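Trainee: Pulled the feature table from TrEMBL, pasting it below:
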type	residues	note
COMPBIAS	571-581	compositional bias 'Basic and acidic residues'
COMPBIAS	609-623	compositional bias 'Acidic residues'
DOMAIN	467-567	domain 'Small-subunit processome Utp12'
REGION	569-637	region 'Disordered'
REPEAT	1-35	repeat 'WD'
Amino acid sequence: MADAAFSDDGKFYSAITQDGRLRIWDTETNVLKQEYTPDLHLTSPPSCLQWLNVTRSVSSQKGVRRKSISDQETQLIAVGTTSGKILLYSVAQAKVETVLIDQKSNEIHNNKIKTLDWHRKYGLYSCTGDNVVHEWDLQTASVKNKYNINVDSKSKQTNGVSAIKIIPHNGKSSARYLVAASWQLRIWCLHESQAVLVKNLGHNASPRALLALATAGNTCWLIEGSQNERLLSFWDVTITDENLPQVNGDEPTPNKRQRKKSITSAPLIPTPTCNFVLEDAPKIIDVNVETENGTKLQLAAATRSGVVHFYGHMLNGSATKPIKPSVTVYVTTPDATPLPLQCCRLATTGDLLLGYTNGAALCFERVTPDLNTKTQILIRGEAKEGKKKVKQTNEVNKVRSDEKSNDVTYVEPMGGVTRKRPTPGGQVEVTMEERLANLGLDVKSRGKSAVNQNLTKLLMQGLHSKDKRIILTVLQKDDPAVAMRTVSHLPADYVSLLLDQLADMATRKTSQCAAACTWLGATLRAHAALLLATSPQRLTHLLAILTHRRSHLCQLLNLKGRLELISSQRGTRDTELDHEPVLQYDDTSSEEEMEVERYQSDDSAQSWDEAEGEEEGQGEGEWGEAGGGEADSGDSD
């Protein structure tokens with residue numbers, strides 16, 4: 001919610017939603033009474049609101065005698081917009097009655113209404129983005145006066161006024177006093193269309209301040225808080241006669257002692273009367289002062305963490321240490337689910353009006369603070385019923401043996417053993433043989449859903465606690481199927497944390513980089529749309545890492561090949577090769593071999609003798625033929 005406030009009587013609570021709608025709840029009945037959507041609520045949405053109690057005269061009706069004129073008080077809500085308009089919304093009529101706009105404003109300047117404040121005596125005041133305070137006349141719907149507040153600082157973010165508060169005074173002067181919260185908390189005097197700085201209270205570093213004013217007689221106190229600090233500062237902002245402007249030159253002439261004191265005295269650094277410490281930055285604050293038995297301060301603050309702090313402090317001087325809360329109020333359900341508190345208000349009876357969210361509804365309740373304990377826990381709402389396991393039975397296999405009997409016989413499929421189960425709540429008697437038969441010892445036949453769920457939960461636990469040992473236990477499983485099933489069940493909040501761990505693993509050794517690539521591929525396939533929408537920088541970082549590692553791949557492969565070649569060559573020198581001989585000569589001989597050789601030698605001698613006889617016969621024939629020829633030749637002679 002952008003801004004919220006209670007009415008003066010605490011009967012209504014109004015708030016501006018993020019989409020520019022005005023909602024009004026009845027705190028007595030916890031009912032959303034009205035909801036108003038302004039025109040152009042998206043282009044110029046509401047920026048702030050303030051409750052007003054306007055007294056209007058009601059004239060007598062015609063035809064009715066002795067009807068006197070009476071004053072009627074009307075509750076209005078002033079809603080400031082970013083376009084510079086102020087809408088006066090009537091709760092009774094449920095519509096916008098009047099639109100306040102500065103006709104003489106320049107469109108070049110920042111006319112956004114930053115803050116509003118209302119006082120019964122002084123009227124309605126607003127402050128725009130260019131630090132111009134407007135005093136409005138509600139009867140004529142026009143601007144009475146304009147006051148330019150100069151709050152220039154070195155930081156441009158804290159130049160604007162984020163909150164104003166009107167300080168009442170009992171002087172006869174017509175001047176107005178208000179507190180403006182910018183980069184400093186200052187009191188300004190608005191008189192004759194001029195804003196004069198009266199006092200610097202302290203430093204405020206938040207772009208959005210919370211101010212609450214409490215009065216008791218002629219004394220005024222201011223409670224100041226901011227969105228960035230867990231402290232509430234308590235200031236005394238009472239307007240004295242020294243702060244009132246002098247009329248017609250009636251300023252007294254200081255004597256010699258006063259002039260010497262004013263020259264030699266060092267400037268005092270303003271400090272708050274006391275500080276109140278909070279659990280978290282405040283969202284809404286309320287303050288009340290009682291003066292029956294001493295001056296007692298009551299303070300209530302609702303924080304961003306969903307709790308309400310209540311302080312009861314007696315004002316008897318300044319306090320150097322921060323004051324801790326007297327009691328802290330929590331709201332939870334019976335099953336210990338916290339219900340965040342959104343708002344709080346101090347009633348005149350001393351009770352606390354609390355508003356907390358229960359689901360989509362906003363509930364209000366009056367509570368009396370228990371000052372005997374430091375923590376007050378309210379148990380409201382209903383506990384969430386757990387999901388009951390519903391046993392599903394197969395109607396096909398369910399056979400009722402007897403109508404009067406409560407036992408049901410289950411026929412087991414595939415020729416299993418039948419067993420009887422009694423009514424719900426009874427004991428099931430199963431023999432040891434049946435139990436052993438039902439045990440599945442085959443690991444491959446088991447389902448992997450439980451293992452994947454355990455890996456997903458283990459990975460979520462490791463990413464949440466940033467435990468490297470648990471994360472590496474899961475991510476070193478280099479299995480694409482396991483990675484895909486595990487990542488697909490991973491919530492979207494843990495995807496960015498997983499990418500950071502994968503980027504760290506990608507810079508490690510090769511085995512971890514290979515596993516990181518497997519899990520990265522599974523993550524891209526399972527959460528592609530989410531990564532493109534939310535984590536483009538992480539993907540760019542991973543791409544740069546993998547590209548750098550890939551640039552050295554060719555050199556590493558070349559080196560690997562050379563090393564393998566050298567190692568293989570050195571291995572071949574040391575090994576002895578066994579080859580079969582082509583020719584083998586054996587010197588040893590046996591007796592059989594000798595007999596065979598003798599037999600072969602006898603045969604060879606006979607063959608040599610036969611060959612020689614044949615040669616001699618052939619020679620004699622040749623010589624006989626030659627001798628006969630000679631005889632023939634002799635005879636012829």
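Note: Cβ is positioned from N, Cα and C throughout, glycine not excepted.
Note: TrEMBL annotation is automatic and uncurated.
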Trainee: At a C-beta cut-off of under 8 Å, are there same-chain residues at least 6 beyond the repeat 'WD' (1-35) that contact it? List them, or none.
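Mentor: For the repeat 'WD' (1-35), the nonlocal Cβ contacts are 41-42, 45-51, 53, 75, 77, 79, 89, 91, 94, 284, 286, 342-343, 345, 347, 353, 355, 361-364.
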Trainee: Residue counts in helix (H, G, I), strand (E, B) and coil for the repeat 'WD' (1-35), per DSSP?
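Mentor: For that range the per-state counts are 0 helix, 19 strand, 16 coil.
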Trainee: How many of the residues that make up the domain 'Small-subunit processome Utp12' (467-567) does DSSP mark as helix, as strand and as coil?
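Mentor: Summed by class, the stretch gives 87 helix, 0 strand, 14 coil.
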Trainee: Which value does the mean pLDDT take for the domain 'Small-subunit processome Utp12' (467-567) in this predicted structure?
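Mentor: Here the mean pLDDT over the domain 'Small-subunit processome Utp12' (467-567) amounts to 87.
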